[in-house]
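Participant: Shown below is the structure under consideration.
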């Protein structure tokens, strides 16, 4: 089989590579991309990968990521790489890493946690306890969040 480009190169923008298969649409949700922004967006799913077996790729022309967006992507795609493209060339490339401490992005699933009290507004805070599989622990009640729970919260409209 002849190998070639599935999607053309982009002039300026961001390529998010090495996304676990099936999570590209979650990445789009996290970035708030619906396809109505006027940006050229390419989503390639289930591409063969030596590193992951299969992977997803997201290319977004004329869009660069904020650090908070990179942190969220790292929580659902810890193996991802972010490539910044300028004039059709990779200007920078870096692997994401889930943050050691996550504040204000996720909510604690423990209804008795102080962060869920209406009387006492406390910002939820989680500490990373494991990278593979990704697990976070509430800094207040020590309830843990699995990778699946993290993904659900980040892509849920109620998250």
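Backbone N, Cα and C define each Cβ position, glycine as well.
Dumping what Swiss-Prot says about this protein:
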type: BINDING; residues: 108, 113, 138, 141; note: Zn(2+) binding site
Participant: List, in sequence order, the same-chain residues at least six positions removed whose CB sits under 8 Å from that of residue 138 (Zn(2+) binding site)?
Facilitator: 108, 110, 113, 115, 124, 125, 126, 144, 145
Participant: Relative to the Cβ of residue 141 (Zn(2+) binding site), which residues of the same chain, six or more apart in sequence, are found under 8 Å away?
Facilitator: 108, 110, 112, 113, 114, 115
Participant: Would you find the one among the binding-site residues 108, 113 whose Cβ has the most company, meaning other Cβ atoms within 10 Å?
Facilitator: 108
Participant: For the recorded Zn(2+) site, enumerate neighbouring residues of the same chain (Cβ within 8 Å of the Cβ centroid of 108, 113, 138, 141, site residues themselves excluded), in sequence order.
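Facilitator: Near the Zn(2+) site, beyond 108, 113, 138, 141, sit 109, 110, 112, 114, 115, 116, 124, 139, 140, 142, 143.
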